[in-house]
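Novice: Quick paste of what Swiss-Prot says about this protein:
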- Glu12: active site, proton acceptor (ACT_SITE)
- Gly78, Ile152, Met173, Glu174: substrate binding site (BINDING)
- Asp197: active site, proton donor (ACT_SITE)
Amino acid sequence: MKIGIVGAMAQEVEILKNLMADRTETRVASAVIFEGKINGKDIALLQSGIGKVAAAIGTTALLQLAKPDCVINTGSAGGVAKGLKVGDIVISDETRYHDADVTAFGYEKGQLPANPAAFLSDKKLADLAQEMAEKQGQSVKRGLICSGDSFINSEDKIAQIQADFPNVMGVEMEATAIAQVCYAFNVPFVVVRAISDGGDGKASMSFEEFLPLAAKQSSALVLGMIDRLS
């Protein structure tokens with residue numbers, strides 16, 4: 001089995017990249033794909049760049065060139081569900097766009113034509129992620145992760161997203177685009193993100209301060225998953 005891993009920023013993939021043996025590097029547009037082995041497992045690690053378009057370009061290149069059997073999206077997210085704190089893990093059962101609106105033509109909020117309203121994560125991958133998080137003693141929640149091309153940093157923005165998607169756990173800028181590409185290629189995926197901020201007025205300062213912690217937490221969980229996948 002070859003495991004695909006996607007992170008947007010260098011900080012989000014650095015730990016995993018540095019653990020890779022026999023590492024090679026391929027650049028496609030703004031994306032970088034690192035291939036090698038971690039703990040004897042074949043890994044294709046994508047640093048996609050930030051935002052939905054960069055994520056889609058990179059994930060398409062990853063799936064076409066490296067041909068992984070599954071994809072794990074790792075990194076950080078803003079926590080908007082009650083009880084979430086910095087360092088906690090959110091695992092996707094589904095992902096949706098919070099900034100897509102074709103409701104004028106009868107689609108659900110967040111749904112794009114010719115696509116489902118929600119992209120469902122692979123249950124086995126999500127179950128494994130939860131099992132590993134609990135085994136590592138990490139605080140974890142599962143549910144809806146919403147994506148959009150905005151860094152959410154105000155209570156008003158959170159309130160609007162929660163009004164449209166009451167069950168949202170976390171918000172970020174790539175996961176649903178990655179999920180859409182995986183859906184199109186029929187490749188199972190899951191999103192595993194660590195909370196770096198609360199999406200409120202202090203989000204930008206919190207993000208800068210706690211991104212290293214979020215990267216460490218999410219990378220530790222992904223490493224646990226790698227050891228179990230075969």
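Numbering starts at 1 and runs along the chain as displayed.
Glycine is no exception: its Cβ is also placed from the backbone N, Cα and C atoms.
Small disclaimer: the values here were computed from a predicted structure and weren't measured.
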Novice: Would you mind pulling the DSSP three-state label for Glu12 (active site, proton acceptor)?
Specialist: helix
Novice: Show, in sequence order, which residues other than Gly78, Ile152, Met173, Glu174 on the same chain lie with their Cβ within 8 Å of the centre of the Cβ atoms of the substrate site.
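Specialist: Surrounding the site, in chain order, are Ala77, Ser147, Gly148, Ser150, Phe151, Val171, Glu172.
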Novice: Using a Cβ-Cβ cut-off under 8 angstroms and a sequence gap of six or more, which residues of the chain neighbour Met173 (substrate binding site)?
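Specialist: Listed in sequence order, they are Ala8, Ile50, Gly51, Lys52, Ala55, Ser147, Gly148, Asp149, Ser150, Phe151.
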Novice: List the Cα distance (Å, whole number) between Glu12 (active site, proton acceptor) and Asp197 (active site, proton donor).
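Specialist: About 15 Å separates the two Cα atoms.
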Novice: Between Glu174 (substrate binding site) and Asp197 (active site, proton donor), how far is it from one CA atom to the other, in Å?
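Specialist: Roughly 16 Å, rounded to the nearest whole number.
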Novice: In whole Å, how far does the CA atom of Gly78 (substrate binding site) lie from that of the residue listed as 'active site, proton donor'?
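Specialist: About 5 Å separates the two Cα atoms.
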Novice: Roughly how many Å separate the Cα of Asp197 (active site, proton donor) from that of Ile152 (substrate binding site), to the nearest whole number?
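Specialist: Cα-Cα distance, Asp197 (active site, proton donor) to Ile152 (substrate binding site): 10 Å.
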Novice: Give the three-state DSSP assignment (helix, strand or coil) for Gly78 (substrate binding site).
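Specialist: SS state of Gly78 (substrate binding site) = strand.
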Novice: Compare all C-alpha positions of Gly78, Ile152, Met173, Glu174, the record's substrate binders, and send over the largest distance in angstrom.
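Specialist: So the binding residues stretch over 13 Å, Cα to Cα.
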Novice: Measure from the Cβ of Ile152 (substrate binding site) and count the other Cβ atoms within 10 Å, all protein chains considered.
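Specialist: Other Cβ atoms within 10 Å of Ile152 (substrate binding site): 25.
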